[in-house]
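According to TrEMBL:
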TRANSMEM  6-30  transmembrane segment
TRANSMEM  42-61  transmembrane segment
TRANSMEM  81-98  transmembrane segment
TRANSMEM  105-130  transmembrane segment
TRANSMEM  142-161  transmembrane segment
TRANSMEM  222-245  transmembrane segment
TRANSMEM  265-287  transmembrane segment
TRANSMEM  308-327  transmembrane segment
TRANSMEM  333-354  transmembrane segment
TRANSMEM  366-385  transmembrane segment
Amino acid sequence: MYLVESKGGAIGCILLGLFFLGTFPAIFTLLERRGRLPQHTYLDYSITNFLAGVIIAFTFGEIGKGTHDQPNFLAQLAQDNWPSVMFAMASGVALSLGNLSTQYAFALVGLSVTQVIAASITVVIGTTMNYFLDDKINKAEILFPGVGCFLVAVCLGSAVHSSNTADNSAKLEDSLREGNIVKSKDIESGSNSAEKLKAGSADFLLDIEKTRAIKVFGKNTWIGLSITFFAGICFALFSPAFNLATNDQWHALKKGVPHLNVYTALFYFSVSCFVLAIILNIIFLYHPVLNLPKSSFKAYLRDWNGRGWALLAGFLCGFGNGLQFMGGQAAGYAAADAVQALPLVSTFWGIVLFGEYRRSSRTTYTLLGSMLFMFIVAVVVLMASSGHRKQ
């Protein structure tokens, strides 16, 4: 079994996990804006997310010779470690519900602000829980100022959202008043009409609404915010549950039974993620939410439009989770929660891929820059707080 033994290696895992976990939500947004039903996307995503967990378990979990105290992945499958297994599966349920919720929140609230709100709840609740579960191995005088930086960034992110919403409303009102709205096709198709659209313009915003799967015009913003807060609570619980699965702080295991290693826990975590996601999304095919059109399992199997992107999203999330847990096992799960600065990555993709904040006001740009700066500070501070777990 491969173990990350150095602080530098743990931080490297956490940073790479940060990139992966900040990128897959952008793929969700891309496919939704192109009109692919979120149920179809999430079913594809769930398959490769599960495969990533299996691949990590059978490779890193089987490297080298295991010992009684640190058995390899396959050896642990036959051990009496069900209390820890249940914590790992509860962690998977929490993450699956959180990711499923944010898929809808991305459309209603926006990619960047959804990530910011969910990350803040995760840091405030989840990081505090992990700090005490990890027997305070992280430096409190550094860790909690980092949590404070996240909260400041959340406030700035909310201000960015409000300012950008006002900017978009002003663009639409001006264009409608001047009669400048033009007809166009899918903005991501590369067609001639799409090329004429300028990112951030009123035509651009209306064209997105025309092609996307989840229609947002006229929707109550509080619906999206409620979904986002629910997702944040789920994210806040999944990491502490995984922490309990691998370190047994509550002494639920029988005497002499070794702790669940990070790879075995990841396997059970991935299983519960997969099972719940399949059940819920098959239900959503026939009983959709938010006025989405009905679908069927046969229609899902025939829908190859964007399937490759959805499968990639699952791999990114699966490997991102694995890297977060590997880094957290070595440096402490409170420090590993620095991956919740993933809005940095998501905002980058939002600007590059989707034209978010294009043609916005100076106020919006100032707030956006301040938010990103504060997130960078938060990541650095949380990384600096990392300790080293005694094996």
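Positions of Cβ are set from backbone N, Cα and C atoms, glycine also.
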**CB contact flag for the transmembrane segment (222-245) and the transmembrane segment (142-161), at least three pairs under 8 A** = no
**Prompt:** Looking at the transmembrane segment (265-287) and the transmembrane segment (142-161), are there 3+ C-beta pairs under 8 A, with each pair at least 6 apart in sequence?
**Reply:** no
**Prompt:** Have the transmembrane segment (308-327) and the transmembrane segment (105-130) got at least three CB pairs under 8 Å, pairs 6 or more apart in sequence?
**Reply:** no
**Asked** What else in the chain is close to the transmembrane segment (81-98), if you only count residues 6 or more beyond its ends and a Cβ gap under 8 Å?
**Response** 118, 230-232, 234-235, 237-239, 241-242, 244-246, 248, 252-253, 257-260, 264-266, 268-273, 276-277, 280, 321
